[in-house]
Amino acid sequence: MASIDYKNELVAENREQIEKHVREILRLIGEDVDREGLLDTPARVTRMYEEIFAGYAADPREVLGVTFDEQHEELVIIKDIVYYSQCEHHMAPFFGKVHVGYLPSGKVAGLSKFARLVDVVTRKLQVQERITSEIADILFDVLKPHGVMVVVEGEHMCMCARGVKKYGSQTVTSAVRGSFRKDATLRSEFLSLLK
Ligand SMILES: Nc1nc2c(ncn2[C@@H]2O[C@H](COP(=O)(O)OP(=O)(O)OP(=O)(O)O)[C@@H](O)[C@H]2O)c(=O)[nH]1
Ligand SMILES: [Zn+2]
């Protein structure tokens, strides 16, 4: 499931300042900031920040604002929702897929809202564990389902491009709320449907 485009108005307001600081960082790392290839880079980086940090300007609970009543009380799974986030330790990208399963209790959300929720939660400085638990907590709180399970897979550039340099390793995190905590069969059903 593809992600959705948002903008961060906070970045837009501070555009001039951000551009100035990006230019300064370029100078401090040893670049010639006046060479042609870099002239538009501070503005480009700022536009990129508007996109990849759009989560700061949005309320994740609001994206689930429209829910509807539906008497389906069995497992619903939305899998393979792609995300792109930035680790809060290095400001390096990490990305992968989110899989959500929930057991509704009378209230369901439109399928696209799960992808919107993933976008809002991931488009800020994050750690993978917090993405996982935030999505689980918000769904559990807003939809009041019998249970929720969230699995997140991620590849972290801070582990590839620098530091330990372990390319291709995947981090998998999960969070369970409600009936998923107690019911191992339900967890197995969810995990087997992800394959
Ligand atoms: N738990 C968790 N750790 C993360 C995530 N993203 C990055 N990290 C880790 O954050 C840690 C930061 O460790 P530090 O020792 O403070 O920083 P560092 O010296 O740059 O660490 P190295 O990467 O080991 O060189 C590293 O182990 C990263 O791999 C994440 O989403 N979750
Ligand atoms: Zn990192």
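Every residue gets a Cβ built from N, Cα and C, even glycine.
Sequence annotations record features per position, and here TrEMBL assigns domain 'GTP cyclohydrolase I' to 18-194. Positions annotated as Zn(2+) binding site by TrEMBL: Cys87, His90, Cys158.
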Listed in sequence order, residues with CB under 8 A of Cys87 (Zn(2+) binding site) and six or more positions away: Pro93, Phe94, Leu125, Gln126, Val127, His156, Met157, Cys158
Confidence summary for the domain 'GTP cyclohydrolase I' (18-194), mean pLDDT rounded: 96
CB-centroid shell, 8 A cutoff, Zn(2+) site Cys87, His90, Cys158, site residues removed: Gln86, Glu88, His89, Met91, Ala92, Phe94, His156, Met157, Met159
Cβ-Cβ neighbours of Cys158 (Zn(2+) binding site) (radius 10 Å): 16
